[in-house]
Amino acid sequence: MPPGRWHAAYPAQAQSSRERGRLQTVKKEEEDESYTPVQAARPQTLNRPGQELFRQLFRQLRYHESSGPLETLSRLRELCRWWLRPDVLSKAQILELLVLEQFLSILPGELRVWVQLHNPESGEEAVALLEELQRDLDGTSWRDPGPAQSPDVHWMGTGALRSAQIWSLASPLRSSSALGDHLEPPYEIEARDFLAGQSDTPAAQMPALFPREGCPGDQVTPTRSLTAQLQETMTFKDVEVTFSQDEWGWLDSAQRNLYRDVMLENYRNMASLVGPFTKPALISWLEAREPWGLNMQAAQPKGNPVAAPTGDDLQSKTNKFILNQEPLEEAETLAVSSGCPATSVSEGIGLRESFQQKSRQKDQCENPIQVRVKKEETNFSHRTGKDSEVSGSNSLDLKHVTYLRVSGRKESLKHGCGKHFRMSSHHYDYKKYGKGLRHMIGGFSLHQRIHSGLKGNKKDVCGKDFSLSSHHQRGQSLHTVGVSFKCSDCGRTFSHSSHLAYHQRLHTQEKAFKCRVCGKAFRWSSNCARHEKIHTGVKPYKCDLCEKAFRRLSAYRLHRETHAKKKFLELNQYRAALTYSSGFDHHLGDQSGEKLFDCSQCRKSFHCKSYVLEHQRIHTQEKPYKCTKCRKTFRWRSNFTRHMRLHEEEKFYKQDECREGFRQSPDCSQPQGAPAVEKTFLCQQCGKTFTRKKTLVDHQRIHTGEKPYQCSDCGKDFAYRSAFIVHKKKHAMKRKPEGGPSFSQDTVFQVPQSSHSKEEPYKCSQCGKAFRNHSFLLIHQRVHTGEKPYKCRECGKAFRWSSNLYRHQRIHSLQKQYDCHESEKTPNVEPKILTGEKRFWCQECGKTFTRKRTLLDHKGIHSGEKRYKCNLCGKSYDRNYRLVNHQRIHSTERPFKCQWCGKEFIGRHTLSSHQRKHTRAAQAERSPPARSSSQDTKLRLQKLKPSEEMPLEDCKEACSQSSRLTGLQDISIGKKCHKCSICGKTFNKSSQLISHKRFHTRERPFKCSKCGKTFRWSSNLARHMKNHIRD
C-alpha cells in the first residue's frame, strides 16, 4: 500500500507512528554526547494540539458588554498570538495554518468532519486524504472501519464538530454509501466526550442508536427529526472546547490559565444571554482545579472497535471505568436519567438497606446512581470475611455503618466507634452529582481499616503491610536508595530524576520560566511568580498592627521585628527589676544600640562577640576560607563564595567550548583554555567593566543622570542607595528623641535616635579635628603618627589604609598568574605588564597606568574627548568627579559642610582648603601671642641657616627632626648647599646635583628594552619609546 494511502486508511496508526518517531528522535538526541540540554526537546510542528486549542478559542470568543471592546480586542490578540506563534513559526508556516483552516472550512460537511477526525498537519496531507478517499469511492471494495483514535492523540473538537459527529451517526449515509463508513466515528469518542466533562450521558446523546428499556421517557421515535435532537443538545457545548490528557500536558501554565479564563468567560456570557441553566461539569472542574483529573487511557474498552456496543454494555463499561479510578474529588460525576423516578436515601435507615433498594430499582431503570462501589459489591449480604480481606480498599464492611440525615444539618456516616464522617460544604453543594456520598464513603473506608486492620495494598520489600497507598509508596522509597541519578557535570547524585533535572539548570544556565509582562526569564518557577507580583501590585502579607502590606514574606517578618523592638525598648526601663537570661541580654543589647565588646587593638566596639572575632581578622591578617582549586585564601565568606562562582563559570566554558551551539556564541570568543573573565559586564559608553550586572546598572546612572532614590522629607534625589542612606541619617540626627530611647518612623533606619546627635566628642589633640566615633579618630591619627598597620605578608610592605593593601596584593596575584601561564599563552605581552603595578599602556605616549579607567581618562588628553556630559546644560568634562561637582550647581546641593563655622561647599577639595584656615588659626592661638605662626616660621628658618657656628650637616639634621619643616633642605635659604666636586657648581637640591654629575661621568642610566639604546634623562627615553609604539 502506498504511504499516502496507508496514512489515509489508518489515521490512528499513522498518528501514533509519528509520535513514536518524535520520541525516538528526542531519545537519540539525549543519548548523543553533543546533545545540549538548553535546547527544547519538544518538536515544533505546524498543528500542535495547543495551537488547535487556541484556534478554536479564537474563533469562538463571544463579545459581551461587561468585558468592553478593549478587553475583548486584547483577548483576541493574545489568543491569535498563542495560535499562530509568530515567535516560533515562520511566515510560511503561519500562512500554511491559515490556508489549511480555510480549506477545511470550505469542504462539504461530511468531508470536513472526516478530514478533521484524521487531524492533518498540512494542506498537502489533507489533499492526500481526500484523494485516497476518492479512489476508494470510485470502485474499491475496501471499507474503513473508522479512525480508531487513541485518547492521547485524538483531538476533541468544538461543539459544532461533536454535533456533526452525532449527525453522522444518524445520517442515512452510514448504511447507503461508502462515505458513511468513513464518517462513522467509534463509540469510544462519545463515551470519552461524556467522561471528559459533558453533563449528559452517552445514551442521552445517541437516543437513536442506544435505546433503553424500562423508562418510557427514554424512548425516541424514529420520526423524531434530527433538528429537534440537535436543539436539545445546543447548550454550553456550542462554545466549549475539550481535549485529551496528553494535549493538556502540551500546554504551559500561561496557556492553561488563558484557557480557563476564556471558558469561564464564555460560560458567564451564555448564562447572561440564555438564562439560568445547569452548570456543566467542565466549569465545576475549572473552578476547582485542572479539567483533567481522569486518566483517559483507562476509558478505552478492549476488543473489536468496529462493533458498536449496546446501551447496557456502554453503561457497564462506563461504570467499570469510574470504579477503577483513584478517589479524586473533582473527577467523578453522578448521572441520573431524566426519565427515571428520583432515587433518594431514606432518613434514619441503614446504608446497607439503601443500596439494596437501589439495586431493586435497577430492574426498572438501567441508569442507577453511580457511586464508588463495584457493581458486584453492592449486594453486601453475599460478602464474606475472606472476600473483604482480598478486596482491600475497594470493599466496605457496612455492618457498623448508619447513614444519618438530620433536618437542617449535613449528611454523615457514623461508625460503630462513634466517629462521624460529614459531607463538607463543597460536596454538599454538588451532592446531586454523587461527590458528597463518594467523599463520605472514601473517608469512612480509610477509617475502617484502622479498626479492622486491613492491609489492602501490596506488601513492601521488607514484608511490612501498609493500609494506605501513599504510605506504601513512601515505604518503597526507603528501599530504593541505591537507585540514584548522577549529574554528568559535577557528579552529584539525586534520588529522583526530577531533582536532577532541576539541578542541571545550574550548569546549562537554562531559564525556562518567563514573565508574561516584561519577558524576564527565571530559572525557577517560584522566582518568576514572585517577580510577577511586581506587575500585579499584589501584597498578600499585611501587618495586623499598622496595616502595612508587603510583597514578600521576608520583608513582612523584618517589619514585625520593628514592633518587637519597640516593645522590648519599652520594657527596658524595668530591666533592673527583671531577671533575663544571658541570651536575652545579648539580644536586648543589640536592639538598644549597646556595644559591649571592644577590639583590643583599635578599640572599636561591637554588639556581639562574633563581630569582634570577624573584625580582628583585619589586624591578624587571618584568612580562614581557602579555595581548594587555586589555593587562594579569603577573609570573608562572601568573597569566597563570589570567587567560587568564577571556577564554576570557567568549568562551564571548558565543557561547552567544543559544542556547536557554543562555538557560534559570541560569548566564547576567548582563546581556548583561557580562564574565566572576572568582569563580564561592559559599559558601552565609557568601556568600564564590572563583575555584576547590578554594579553596571548603578554605574550607568552617571551617564544617564538617573536618580531613583528620593528623600521623603526634603524631596532631594540620589543616584546611589548608599548616598541616600547617608542623607537620611542626617534627618534622623535632627529629630529629637521623645521619652527615652525610641525608633524613627522610617523603616530603613532601625537604630536609636539618641546615637545620632550633633556632638563630636572625640577630638584630635594635634590638629583639633573632632569626630563622632572613636574609631574615626584612631584612623585619623595615623596621619600624624605615621602608623601603617596593614602589612603585606609576602613582601613585608606596610600601608596605612586597607584599600592600598588590597591594591598592592593584586601585584602578587598577577605575578602568580604569570608564573602559572608563563608567556606561552601571552607571547606578545611583556612580563612587566603582568607583574608591574602599571599594566595599561597608552598607545600615543607610552605612559602606563594601574587602572583601565585611568587610561581611558588619559586618552582624552590626546583626542580631546570629554566623555562626561551634563544633561541639563550640555557642558562636558574629561573627569567624572568634575561632572559630579558641576551637577551640584544645578541641584544647589552642597554636601560638604565645615564643622567649625557651618559653611557648605560643593566639592571636597574646596572644603579642605577652607578648613586649613581654621587649622592655621587654631595653631596661631596655641603659639605665643607676640608673633604669628608665619613670623615664627621665618624666625626658625633664620635660626636653621647654615653658618660658621652651625655646619651644613647639623642644619640638615635639625631640619629632619622638625615635622613642620620636612622639605626645608630642598628650599632655597639664601645659599646653594649642594656643590659639585668637579666643577664647583652649586645647586639647591641634591637631585639636581646628581643629574649634573652625569655630564662629567657620561652615565646613561635609562636604557631602551627593545633596541638597547641608552639615555641620560628619563624624558628622552619616554620620547624614544613613542617611536617603537608607532612602529
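Cβ from N, Cα, C; glycine included.
As annotated by Swiss-Prot, compositional bias 'Basic and acidic residues' applies to 17-29.
Residues or ranges marked as SUMO1 cross-link by Swiss-Prot on the basis of a large-scale study or a structure entry: Lys28.
Annotated domain 'SCAN box' per Swiss-Prot: 55-137, in sequence order. Summarised by DSSP class, the composition of the domain 'SCAN box' (55-137) is 63 helix, 0 strand, 20 coil.
Per Swiss-Prot, the feature domain 'KRAB' maps to 234-304.
Residues or ranges marked as SUMO2 cross-link by Swiss-Prot: Lys317 (among others).
Marked as SUMO2 cross-link by Swiss-Prot: Lys374 (among others).
Sequence annotations record features per position, and here Swiss-Prot assigns SUMO2 cross-link to Lys375 (among others).
For Lys399 (among others), the entry in Swiss-Prot reads SUMO2 cross-link, with the evidence type a large-scale study or a structure entry.
Per-class residue totals from DSSP over the zinc finger (541-563), listed helix then strand then coil: 11 helix, 4 strand, 8 coil. Under the heading zinc finger, Swiss-Prot lists 541-563 (among others), citing sequence analysis as support.
Annotated SUMO2 cross-link per Swiss-Prot: Lys567 (among others), in sequence order.
As annotated by Swiss-Prot, zinc finger applies to 597-619 (among others), with the evidence given as sequence analysis. On the 0 to 100 pLDDT scale, the model's mean across the zinc finger (597-619) is 81.
Counting residues of the zinc finger (625-647) by DSSP class, helix then strand then coil, yields 11 helix, 4 strand, 8 coil. Residues or ranges marked as zinc finger in Swiss-Prot (evidence: sequence analysis): 625-647 (among others).
Residues or ranges marked as SUMO2 cross-link by Swiss-Prot: Lys654 (among others).
Positions annotated as zinc finger by Swiss-Prot: 681-703 (among others).
The residues of the zinc finger (709-731), classed with DSSP into helix (H, G, I), strand (E, B) and coil, number 11 helix, 4 strand, 8 coil. The zinc finger feature in Swiss-Prot is assigned to 709-731 (among others).
If you look up Swiss-Prot, you'll see Lys736 (among others) marked as SUMO2 cross-link.
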Look at every Cβ pair spanning the zinc finger (1006-1028) and the zinc finger (625-647), keep those 6 or more apart in sequence, and say whether at least 3 of them are under 8 Å.
no
Which one, 597-619, 625-647, 762-784, 840-862, 978-1000, has the most C-beta pairs under 8 Å toward the zinc finger (681-703)?
840-862
Long-range Cβ neighbours of the zinc finger (868-890) (under 8 Å; 6 or more residues past either end):
702-705, 857, 860-861, 906-907
Helix, strand and coil counts within the zinc finger (840-862) (DSSP):
11 helix, 4 strand, 8 coil
Mind checking which residues reach the zinc finger (840-862)? Cβ under 8 Å, same chain, six or more beyond either end.
686-689, 807, 833, 878-879, 1022, 1025-1026, 1029
